[in-house]
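As given in Swiss-Prot:
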{"type": "TOPO_DOM", "residues": "1-13", "note": "topological domain 'Cytoplasmic'"}
{"type": "TOPO_DOM", "residues": "35-340", "note": "topological domain 'Lumenal'"}
{"type": "DISULFID", "residues": "CYS59-CYS64", "note": "disulfide bond"}
{"type": "DISULFID", "residues": "CYS61-CYS139", "note": "disulfide bond"}
{"type": "CARBOHYD", "residues": "ASN79", "note": "N-linked glycosylation site"}
{"type": "CARBOHYD", "residues": "ASN114", "note": "N-linked glycosylation site"}
{"type": "DISULFID", "residues": "CYS142-CYS281", "note": "disulfide bond"}
{"type": "CARBOHYD", "residues": "ASN201", "note": "N-linked glycosylation site"}
{"type": "CARBOHYD", "residues": "ASN323", "note": "N-linked glycosylation site"}
Amino acid sequence: MVTLRKRTLKVLTFLVLFIFLTSFFLNYSHTMVATTWFPKQMVLELSENLKRLIKHRPCTCTHCIGQRKLSAWFDERFNQTMQPLLTAQNALLEDDTYRWWLRLQREKKPNNLNDTIKELFRVVPGNVDPMLEKRSVGCRRCAVVGNSGNLRESSYGPEIDSHDFVLRMNKAPTAGFEADVGTKTTHHLVYPESFRELGDNVSMILVPFKTIDLEWVVSAITTGTISHTYIPVPAKIRVKQDKILIYHPAFIKYVFDNWLQGHGRYPSTGILSVIFSMHVCDEVDLYGFGADSKGNWHHYWENNPSAGAFRKTGVHDADFESNVTATLASINKIRIFKGR
């Protein structure tokens, strides 16, 4: 009798589990695509759904960026469905996004964007989103390292290097400043005019502000024919093709609309890095943002503390961007390390 009860319990448990999983996957599939009742197609769909389930499992950090209903201000701005990287599957821009993007640097007679993107993905892998494919840890900790002079004598280097991802931007040298800025870089955000040579294992994230930026990256790893945009740019770069990622133009507009509320002409690389990291990381720490303790705005590699022309260009609203990051820190979505 006891054996029969155990067997019955096992059968019931199996049936409940089977019904639950079947219901879950069918409902999930229905939200994505219409279900096709061919065995091979079903297996593929179940496999893809299982991958998505694993990728998007709950964060295990103490404070998880994506957690909602903790701040109305944050919930109004953060859109988890936005895709930060351009791929062959999501490359079609809506008309209003395309028109807005074209105005950023007022490019004269740009080439056809669709043709440019097709050529881009003949050279750069564009069939998957590498950042999301790598999402295999319960708590991904990321350091976003800005270029502020407040990093000098901060001794943040080892702390920065302890993160899973370390994002840097533009010129950002590390040689000679290792104790303060660290040695590790996993992703480096650049545009053609700010490019610097990267380490072999560093992923380059190109931030395109105009069509020629996309053409440049193709040229720079193939023919080397583009050596000038509005200023001279490197004709050739040494970056592995599978290490080249493209920041999505629609994501730039999302940052501008949702987070900057239209302040400035367009977002700085700094705030683009911050919001990008919030969408691919579970925990984000900022280093090298803002002025130093004396109120000076300068780069950590500059010997002139009073420098800060980059803040006075009128292109970016540095004060508003600073307020955004300060607010994010105040509601425990990110942490800011202010250095010296």
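Glycine residues also receive a Cβ, built from the backbone N, Cα and C atoms like all the rest.
Because the structure is a prediction, the values reported are computed rather than measured.
Features per Swiss-Prot, on structure.
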residue : record                      : CB count, 10 Å
CYS59   : disulfide bond              : 18
CYS61   : disulfide bond              : 16
CYS64   : disulfide bond              : 18
ASN79   : N-linked glycosylation site : 12
ASN114  : N-linked glycosylation site : 12
CYS139  : disulfide bond              : 14
CYS142  : disulfide bond              : 24
ASN201  : N-linked glycosylation site : 10
CYS281  : disulfide bond              : 27
ASN323  : N-linked glycosylation site : 13
Which one is it, among the recorded positions ASN79, ASN114, CYS142, ASN201, ASN323, that lies nearest to CYS59 (disulfide bond) by Cα separation? CYS142
Between ASN201 (N-linked glycosylation site) and CYS281 (disulfide bond), what C-alpha distance do you get in Å? 19
Within 10 Å of CYS64 (disulfide bond) (Cα basis), scanning recorded positions ASN79, ASN114, CYS142, ASN323, I find none
May I ask you to report the DSSP-based helix, strand or coil state of CYS281 (disulfide bond)? coil
Expressed in Å to no decimal places, the gap between the Cα atoms of CYS61 (disulfide bond) and ASN323 (N-linked glycosylation site) is 25
Could you state the CA-to-CA distance between ASN79 (N-linked glycosylation site) and CYS142 (disulfide bond) to the nearest Å? 19
Keeping only the recorded positions of ASN114, CYS139, ASN323 whose C-alpha lies within 10 A of that of CYS281 (disulfide bond) yields CYS139
When the Cα of ASN323 (N-linked glycosylation site) is compared with the Cα of each of the recorded positions ASN114, CYS139, CYS142, which one is closest? CYS142
